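Taken from Swiss-Prot as is:
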- C14-C56: disulfide bond (DISULFID)
- C42-C73: disulfide bond (DISULFID)
- C146-C189: disulfide bond (DISULFID)
- C175-C202: disulfide bond (DISULFID)
- C234-C263: disulfide bond (DISULFID)
- C402-C445: disulfide bond (DISULFID)
- C431-C458: disulfide bond (DISULFID)
- C487-C514: disulfide bond (DISULFID)
- C519-C568: disulfide bond (DISULFID)
- C594-C636: disulfide bond (DISULFID)
- C709-C752: disulfide bond (DISULFID)
- C931-C958: disulfide bond (DISULFID)
- 80-140: domain 'Sushi 2' (DOMAIN)
- 341-400: domain 'Sushi 6' (DOMAIN)
- 592-651: domain 'Sushi 10' (DOMAIN)
- 652-706: domain 'Sushi 11' (DOMAIN)
- 900-960: domain 'Sushi 15' (DOMAIN)
Amino acid sequence: MLTWFLFYFSEISCDPPPEVKNARKPYYSLPIVPGTVLRYTCSPSYRLIGEKAIFCISENQVHATWDKAPPICESVNKTISCSDPIVPGGFMNKGSKAPFRHGDSVTFTCKANFTMKGSKTVWCQANEMWGPTALPVCESDFPLECPSLPTIHNGHHTGQHVDQFVAGLSVTYSCEPGYLLTGKKTIKCLSSGDWDGVIPTCKEAQCEHPGKFPNGQVKEPLSLQVGTTVYFSCNEGYQLQGQPSSQCVIVEQKAIWTKKPVCKEILCPPPPPVRNGSHTGSFSENVPYGSTVTYTCDPSPEKGVSFTLIGEKTINCTTGSQKTGIWSGPAPYCVLSTSAVLCLQPKIKRGQILSILKDSYSYNDTVAFSCEPGFTLKGNRSIRCNAHGTWEPPVPVCEKGCQAPPKIINGQKEDSYLLNFDPGTSIRYSCDPGYLLVGEDTIHCTPEGKWTPITPQCTVAECKPVGPHLFKRPQNQFIRTAVNSSCDEGFQLSESAYQLCQGTIPWFIEIRLCKEITCPPPPVIHNGTHTWSSSEDVPYGTVVTYMCYPGPEEGVKFKLIGEQTIHCTSDSRGRGSWSSPAPLCKLSLPAVQCTDVHVENGVKLTDNKAPYFYNDSVMFKCDDGYILSGSSQIRCKANNTWDPEKPLCKKEGCEPMRVHGLPDDSHIKLVKRTCQNGYQLTGYTYEKCQNAENGTWFKKIEVCTVILCQPPPKIANGGHTGMMAKHFLYGNEVSYECDEGFYLLGEKSLQCVNDSKGHGSWSGPPPQCLQSSPLTHCPDPEVKHGYKLNKTHSAFSHNDIVHFVCNQGFIMNGSHLIRCHTNNTWLPGVPTCIRKASLGCQSPSTIPNGNHTGGSIARFPPGMSVMYSCYQGFLMAGEARLICTHEGTWSQPPPFCKEVNCSFPEDTNGIQKGFQPGKTYRFGATVTLECEDGYTLEGSPQSQCQDDSQWNPPLALCKYRRWSTIPLICGISVGSALIILMSVGFCMILKHRESNYYTKTRPKEGALHLETREVYSIDPYNPAS
């Protein structure tokens, strides 16, 4: 545990205390100022050695240090003890008694007139020494002399000629030869007047008894004094190593024997091994002297073979003249007793035999093999001829691994991450969904390091549609994307449709759609018009013609500036745009000038001044007290006159008045007004006027107010859109709707109009909401770029169904079946036919040893074809013509070119010299043929391999030449008829044999009997091997 006290001494501090192993770490805080006390405690099972407390002190008020080293913690061991500690000039405190065990402490006190130096308390440590500090020293306050030292028997010391032994003087003892010093060699005179140690003694030196000598004997010595010699000898089976004697000598104050010899066991090397046999000894360890080893032969290795032991069956481990282990005799050997076993010479393709070549081999003969460059040996490199006349293990094979097989487009193969494959390995190919495998799905690696058969290909599978098109891209499905899609002129690529196709794995094809390019309505021009009358977008290619309006009056006309016709085309981004800006209609004016004009009692409101040109206008205002008579604005016409005539400012005045009754003789002037559309005449207002000319008179003015309709009629089982409105002005429209379960009969919408009297009224009677089904008549549905498969008439009744089909090159968006509903509409809506993008094919694959007519064309339109051809010396396998389909794929895989080879027939049916049946020759190779003796060459002796795998000229024949004496025999005249008959018969037989020399199978006439004289090639790229 830690107890600490803190006293503050400015900023002076001690370093962190050292850690004590196996002690609890004392607690402290920084800085550690002088006066801090740390106390250590040990962990359980450990004993504290030293003072438990250390103090942080500062002697010079500049630096602070710990007053002592920390204690140590040692594991408790009561078997350890320490000798009695002696401190000259001092004594142990009471309570300290021997024996002193591990962890015991002793505290010393100095005698009077002595001062202690060092730690007064020490502990018995695990090393049986007192510590952790040295024993204290009690120094005399008044130094004293030590007494004279006595002499010792058989020894002497360095102080024999010293008169006084003062404090600090040291004396060293030594012994006579043959004696050893016992005790402290050097003692020192202390200030207390005492020697710091006991006087040593000299004892006669003797060696210990040599004891027993392992595996040998010792000749007993007469004494054990220094100089005595002992002798050693070994038992049988052991050999003395070292000197045979040892002497007692003194080394470093000890009497010891010089190096003794040892008796090493005599061992024989491991017994010799015997081929085809064994022994009872060890094959790796040495064998002790006297051991016996027995040899036996191996059992019969195989049927018909046995081993016989030749020589001594047992041998013993003994010694020779050099006392080393040797065997009593040579090891026997086992001889094989075999019958006449022979193995035929083994054959290996693509390799050779490294051993001596023989026609046959004897039992246990071995043969080693190697392979041709580039091939690897599979199996054992060496084989043995066994007792059955066969080779074991089997003859190896030379084979070459295959490199990674080629990848296929739109497909994958097994183990695609591997780069090398062992012979015999098979790889399976498969195609992506939407593609079909053409060829074998599995290829195999041959020992020649080639893949066979040829790699398959994945061709585009024909999509067998399942269900309708989808206009939203399917998620997490395989989709065969459309490539090289394009649209006809006037269309641009837009969104895609997706068709589910039949297959083991669901897959889709993408169908790119074409959107018709349209332009916005042609621009409107001032003072002119154009030939397009609709407000909808304009189809691509449409031509619009512009025209100007006639002149506003005689002598004035509009002139067209710009292109009269523009057409709808497309910009660089494929968007619809007009071929050029719209033209302008500008007024063509004559040289017109109107005279200046003034109005008496009035002023001009416009700022322009004379001269005035065509269509210039002038506005007038009368002075106060005057009323304008005529138009306030006049215009300069093309004939240099003002229209209308200039007005007058007359002095007269009128003021509105409320009329309750007018005088009977009143002069009333009616001012007529024309009410605008949507307004009606509802009354009059009066103004009282007075002037000098007419006196007092009255102006009657018509008043126009807006036309209002009454709220529209309500209907049963329905309502209209104006239910919340308060007023219904002229032109307002309301729509009627029926409640659910009712249908509307009559006009759906009513409009606020004026009747014959000019009052507001609704455009017709309100409709009705009826519950029974009405008579249904749906309009004839029309689909652009499509047609109906049924119902060609124009009227359709309730529940009639129409089936639509899109034209070739278009795809349907919507349902192909629609039904006539009771509300005279089609459900679902009438579909639309969207143009499909036309697909193109990418450049077809190139083939080794051949080419095609596609050249550098990057994209091929549907229907275009390419032709493949092979180089000279190669034949085409497959179709030469490929056609680009509307699906954007080629009609079939490309062909390949295989090398042209000519060969001799396998079955020659005769004897030939140097002829190899089945050997092949490359295109262009020429062979020279020669017949064996007894045959005659018929045909050309030289033939060349042609590009159709045929020889030209055909290979020559060797005709058998035999029975050349037949005519002579047949020409002999014989007197006897019997002899003549026999001769004739014999001649017929020989003639028959000449023309038809038979074997057991067929005539040999016409068979090849050739030998190849030489082979050369005219093709520099295909030299004959």
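Just so you know, glycine gets a Cβ as well, placed from its N, Cα and C.
The average pLDDT the prediction assigns to the domain 'Sushi 6' (341-400) is 89. The domain 'Sushi 10' (592-651): residue composition by secondary structure is 0 helix, 23 strand, 37 coil, according to DSSP. Long-range neighbours of C636 (disulfide bond) (same chain, six or more residues apart, CB within less than 8 Å of its CB): V592, C594, Y612, F613, Y614, N615, D616, S617, W642, D643.
When secondary structure is read from DSSP and collapsed to three states, C487 (disulfide bond) falls in the coil class.
Spatially, by CA atoms, the disulfide-bonded residues C14, C56, C175 include one closest to C42 (disulfide bond), and that is C56. Here the domain 'Sushi 6' (341-400) is broken down by DSSP into helix, strand and coil counts: 0 helix, 27 strand, 33 coil.
Among the disulfide-bonded residues C487, C568, C709, C931, the residue whose Cα lies closest in space to that of C263 (disulfide bond) is C931.
In the structure as shown, the Cβ atom of C56 (disulfide bond) sits within 10 Å of 26 other Cβ atoms. Nearest to C431 (disulfide bond) in space, judged by Cα atoms and limited to the disulfide-bonded residues C14, C568, C752, is C568.
Nearest in space to C958 (disulfide bond), taking C-alpha to C-alpha distance over the disulfide-bonded residues C175, C189, C202, C402, C519, is C402. Considering only the disulfide-bonded residues C14, C73, C202, C752, C402 (disulfide bond) has C73 as its nearest partner by CA-CA distance. Counting Cβ atoms from all protein chains shown, C445 (disulfide bond) has 23 others lying within 10 Å of its own Cβ. Cβ contacts within 10 Å of C958 (disulfide bond), excluding its own Cβ and spanning all protein chains shown: 26.
Distance noted between the C-alpha atoms of C73 (disulfide bond) and C56 (disulfide bond) is 21 Å.
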